[in-house]
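*Asks:* Checked TrEMBL, it gives:
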type    : residues                                               : note
DOMAIN  : 104-287                                                : domain 'ATP-grasp'
BINDING : Lys141, Glu178, Tyr179, Asp187, Arg211, Ser212, Asn213 : ATP binding site
BINDING : Asp248, Glu260                                         : Mg(2+) 1 binding site
BINDING : Asp248, Glu260                                         : Mn(2+) 1 binding site
BINDING : Glu260, Asn262                                         : Mn(2+) 2 binding site
BINDING : Glu260, Asn262                                         : Mg(2+) 2 binding site
Amino acid sequence: MKIAVLSRNSGLYSTRRFVEAGEKLGHQVDVIDTMHCYMDVTSSRPSVRYKGKALPRYDAIIPRIGASVTFYGTSVVRQFEMMGTYSINESVAISRSRDKLRSLQLLSRKGIGMPRTGFANHPDRIDDLIKNVGGAPVVIKLLEGTQGIGVVLADTAKAAESIIEAFMGLKASILVQEYIEEAGGADIRCLVVGGKVIAAMKRQGGPGEFRSNLHRGGSASLVRLSPAERKTAVDAAKTMGLNMCGVDILRSKSGPMVMEVNSSPGLEGIETATGKDIASMIIDFIATTATPNKTKTIGKG
Ligand SMILES: Nc1ncnc2c1ncn2[C@@H]1O[C@H](COP(=O)(O)OP(=O)(O)OP(=O)(O)O)[C@@H](O)[C@H]1O
Ligand SMILES: [Mg+2]
Ligand SMILES: [Mg+2]
């Protein structure tokens, strides 16, 4: 097969691993810089142009769309879909999961466990917003944050109000969430591919840190999932319509709670923690699933 990895940087661990694994399995794998693709969207024979030439026909693409380039990146994926190229994750599903508001609304509608969450743009009654998710302590998150930046734990209602006011002053959209203390500064990353959890790891924050992000000094280890956790991860992936994703779960007193679903999950942490060749498992999934001109929208909303 001819596979393209849409990635801004061919030196990234995950990108390199897809190329390595694909070539080992006998496929041709090219890395295409998403942001350098351009296209004639009105042509009756859609194509993607790159560095002065039309790209050859690929059987499948693996989009690795960073959060900051979601808008343009998904439009490039859409163009490939119009050409009949199979994308492991569809453009609509990527957009859906990127929008935290939209994805939490959809997950909640499907009855998937999640921390009580309030969204606000500019509430007149911040005290009510906090009370509505069960009162302090609460976690306040910037809608656009990643790597744990912009995620704050407020111990008291007073602290929460000041933090929310500060974010509002910066015109940032925020989310206020019940703090799941019993998670103990850890979360579980479940890697779902083709409706199955193919790998999972526990990430534990450093001492005194409630955020488990590896970028914030967290450490990863192997974990055994309960059947309920496995089901939650698979249901979340299905709700988002993603064939490949990382589902982040908190272990709470009332069962697994989904925090977010990531459509471009990194491979380094999870391959290291589990010792599995995950890149090859993903390439294998593509090789058995990719059918030309069969891009269909899975998931709703
Ligand atoms: N409601 C909560 N209760 C307890 N811990 C939480 C809660 N929300 C987040 N955390 C902790 O903070 C970390 C960062 O939060 P979250 O994943 O929402 O932020 P992010 O900036 O989107 O990170 P990412 O890089 O994973 O996208 C989580 O991995 C988890 O350990
Ligand atoms: Mg995130
Ligand atoms: Mg996270």
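Using N, Cα and C of the backbone, Cβ positions are placed for all residues, glycine too.
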*Asks:* What is the interatomic distance between the Cα atoms of Asn213 (ATP binding site) and Asp248 (Mg(2+) 1 binding site), given in whole Å?
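*Replies:* Answer for this pair: 11 Å between alpha carbons.
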*Asks:* For Ser212 (ATP binding site) and Asp248 (Mg(2+) 1 binding site), determine the Cα separation and express it in whole Å.
*Replies:* 11
*Asks:* Under a three-state reduction of DSSP output, how is Glu178 (ATP binding site) classified: helix, strand, or coil?
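*Replies:* Strand, per DSSP.
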*Asks:* Select one residue from Glu178, Asp187, Asp248, Glu260: among these binding-site residues, choose the one with the most other Cβ atoms within 10 Å of its Cβ.
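*Replies:* The largest 10 Å Cβ neighbour count belongs to Asp187.
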*Asks:* Given the binding-site residues Asp248, Glu260, Asn262, which lie close to Asp187 (ATP binding site), meaning Cα to Cα within 10 A?
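*Replies:* Close binding-site residues: Asp248.
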*Asks:* If you count other C-beta atoms within 10 angstroms, which of the binding-site residues Ser212, Asn213, Asn262 is the most crowded?
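*Replies:* Result of the Cβ crowding comparison: Ser212.
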*Asks:* I'd like the number of other C-beta atoms within 10 A of the C-beta of Tyr179 (ATP binding site), please.
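*Replies:* I count 20 other Cβ atoms within 10 Å of it.
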